[in-house]
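Contents: one structure, followed by commentary.
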Amino acid sequence: MADKTPGGSQKASSKNRSSDVHSSGSSDAHMDASGPSDSDMPSRTRPKSPRKHNYRNESSRESLCDSPHQNLSRPLLENKLKAFSIGKMSTAKRTLSKKEQEELKKKEDEKAAAEIYEEFLAAFEGSDGNKVKTFVRGGVVNAAKDEHETDEKRGKIYKPSSRFADQKNPPNQSSNERPPSLLVIETKKPPLKKGEKEKKKSNLELFKEELKQIQEERDERHKTKGRLSRFEPPQSDSDGQRRSMDVPSRRNRSSGVLDDYAPGSHDVGDPSTTNLYLGNINPQMNEEMLCQEFGRFGPLASVKIMWPRTDEERARERNCGFVAFMNRRDAERALKNLNGKMIMSFEMKLGWGKAVPIPPHPIYIPPSMMEHTLPPPPSGLPFNAQPRERLKNPNAPMLPPPKNKEDFEKTLSQAIVKVVIPTERNLLALIHRMIEFVVREGPMFEAMIMNREINNPMFRFLFENQTPAHVYYRWKLYSILQGDSPTKWRTEDFRMFKNGSFWRPPPLNPYLHGMSEEQETEAFVEEPSKKGALKEEQRDKLEEILRGLTPRKNDIGDAMVFCLNNAEAAEEIVDCITESLSILKTPLPKKIARLYLVSDVLYNSSAKVANASYYRKFFETKLCQIFSDLNATYRTIQGHLQSENFKQRVMTCFRAWEDWAIYPEPFLIKLQNIFLGLVNIIEEKETEDVPDDLDGAPIEEELDGAPLEDVDGIPIDATPIDDLDGVPIKSLDDDLDGVPLDATEDSKKNEPIFKVAPSKWEAVDESELEAQAVTTSKWELFDQHEESEEEENQNQEEESEDEEDTQSSKSEEHHLYSNPVREEATESKFSKYSEMSEEKRAKLREIELKVMKFQDELESGKRPKKPGQSFQEQVEHYRDKLLQREKEKELERERERDKKDKEKLESRSKDKKEKDECTPTRKERKRRHSTSPSPSRSSSGRRVKSPSPKSERSERSERSHKESSRSRSSHKDSPRDASKKAKRSPSGSRTPKRSRRSRSRSPKKSGKKSRSQSRSPHRSHKKSKKNKH
């Protein structure tokens, strides 16, 4: 009975409170109507009421004073009432009896009191400060009788939402909703002062907990966003750690990538990460160098070097960093190829790092990939369409323009329009905005914009149909109109216009698919060429080791280990060591140390190390040079003791090599002799080169099929060419050079046999001298023949005496010029062409190459075979034809050359002999007048000579001419012949001048002067006889 009264009072108070809220809705009305008076409660139940009412009073005050600002108390109170009025009063339950209602409420009050007491202890006694203080639902503490017993929400603790809920449009409370009894405020103040102090503390803690809850919700949102992009499971970190990692990402979006570069990043086993951890970076290396080094493997999403910030980090003298690729495949290739590689003298130590967000556009694109994303060059076709051949090979030349319309349409229908996304962000945004309005408003909008922005350079893509921006605009507009998404589109080729070109859309994101195989091969073009060679850093390190090498065991061991570790470049290392031993100024201890290094490397060349055996092979070719240089060093040592010490150390190496059996004993003996100076390496090279040339000609010179001495000694127009293809030429073999075959065979037998190929200059000197001697006498004959030819043309009406004289000169000219090819090979002609130039030899090679090509075509059936001839005969006939053509060309060139030489000599002789021409002619005229008995004239009015002197003179002239020609051919170098030439020269020189003067006069005078020419040799002959006597 004692517990029934509080339930009744609570019911009455709730009714009063409900009516007050509906009537006024003010907080003062709530406070006046919430507390029951003392007269309403029985006296036996009053001792229990202070405890309950005290808690309710505190709870209501907490809810009212919860806001940091007093001016917000009213709307907050209404929201609280709204949020807590969940239980609805139903009129259907009022039929229950008062007794049943009291029993039911008694049980619920006991449960609620126990829960509230626990909450009270937790909130005010500080048992768990981190717990959020909760509110009791309105129907839990003071539920009405008419509430449903089966309500699912009954008995549950309410968790409040954020304090900053939307207060602009609060929903209207329904007529059935009533304020909860939890907010009833008593008029009596609680007797405990300690509770008041705790009340203030709980208000602060409540506000703090709500702020924490807001922060947690925000952290959860950021964590979810990050997990979707980073492919990582949800983390179970504490609130403080999550806040510390996410605060910078809220300040700056790009810093979210950098926050993951924590110093302790390590491989978390994520199979989708593209981020590489670099653990050993040179302090002088920057991000740009990393881009150049790692960008060869694919586009990069981010590059970051963790620069040292403390003295301890700077003391390490190495940095660490991260390089993130756009896709996993490129990152795996970079890890495989660069892990352990020396970059700027630091060995790269790579590993997988934590995944980072991948941006839409990379920060670095490889040049090979950039070329494929660039627009194609101008082609002249509509929309800059590219022919398929040129699209595959951009360096291919442009095709000529089609001649007719059909060819143009065919080329256009097979071409491809390549769409490239513009890289300029402003232009790309403008194109997208334009497409948006054109799709919405129609083509009239595009026409209006073109009319309005005709002078705006930003809208040039609407007018210039060949530009990549217009191609992208046209494709993107078509794609949107066909139903494609702005971010996802179809990538297969299609025709936009009927009978037009194919359009090739851009890939969705080319950087996420990795580099193609062609681009990978382009990126690694230089790798195969570097195989078997030291890198620049390794070469510098080797040179540094050799410069600082001393005869200490540890130093030589370290150098030997370096050589074996880089055995792939054994040849380059051997060359470097050989070069270091060839310097005479090197101190003796360093030379000995380098020789010991050679010995150690040779000893370990049989070790189970990859490519170590290469050292034995490459050192074998260089040891002769090494010991020759050591011999030069040994001879330059001044002190006897020092030289003996040096010698003993070198000989110790020989004894060790003999024990190790690295090389055979004869080779070691040879090396020892080279070092002691008993064998000269240069002489050995010469003796080794002799067997290569035993055949008398190098391999290159045998291309023309003839030995060197035969090629040099025979002119091209009279060459027998016996062994061009191994078969003698029958038609040209017999008497080509005018010498019988037996004589040539005997002369060949008498020739000395050369063990070494004779020099091509040995047979040149005599032939040149002989040719020069012949040419000096030859030009005089040429002058006489030319003069006699001129006289013959001018003196057709001469007498028989002059005709005989000219006939003799004609016969001599015929002997010199009109002979056949076989008669040209006289002694003088043969000696003139004794030396064969390189040009003639080259022509012979060309002829033989043509013959070989002709023979190959005959054998393969490209050329028809002539009936009645074998292959060999047809080839020989072809060779003869080529040689005959070459001979004719050579003869024409020789004639032109001789003609030019004659003209030069004539011009010189004219200038010298014009001065002495007049005086001798007057003397001859006087002599003629004095010797002739009867001055009778000829038929033309001139003197007529007696027949007897004329015949005598003609006979004398013939004899003198024959004797002079004989003396020239037989006694070429005799002094008598020289004196005869000197005496004949004035008469011979006067004759052509007089004949030239006679051309301007009548033929009679020319005839007279031609007779004087015939007498001139006779007189010179008489004078020579007088001189003899």
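Counting starts with 1 at the first residue shown.
Glycine too: its Cβ is placed from the backbone N, Cα and C atoms.
In Swiss-Prot, the annotation phosphoserine falls on Ser788, out of Ser788, Ser809, Ser930, Ser936. Swiss-Prot records phosphoserine for one of Ser175, Ser800, Ser1000, namely Ser800. As stated in Swiss-Prot, the feature coiled coil covers range 92-121 out of the listed 92-121, 362-391, 482-511, 722-751.
Among the ranges 314-339, 626-651, 704-729, the stretch that Swiss-Prot annotates as region 'Disordered' is 704-729. If you draw a 10 Å sphere around the CB of Ser485 (phosphoserine), it holds 8 other CB atoms from the protein chains shown. Each residue of the domain 'RRM' (274-355) gets a DSSP state, and the totals for helix, strand and coil are 27 helix, 28 strand, 27 coil. Recorded residues Ser202 (phosphoserine) and Ser485 (phosphoserine) have their alpha carbons 55 Å apart, per Cα-Cα distance.
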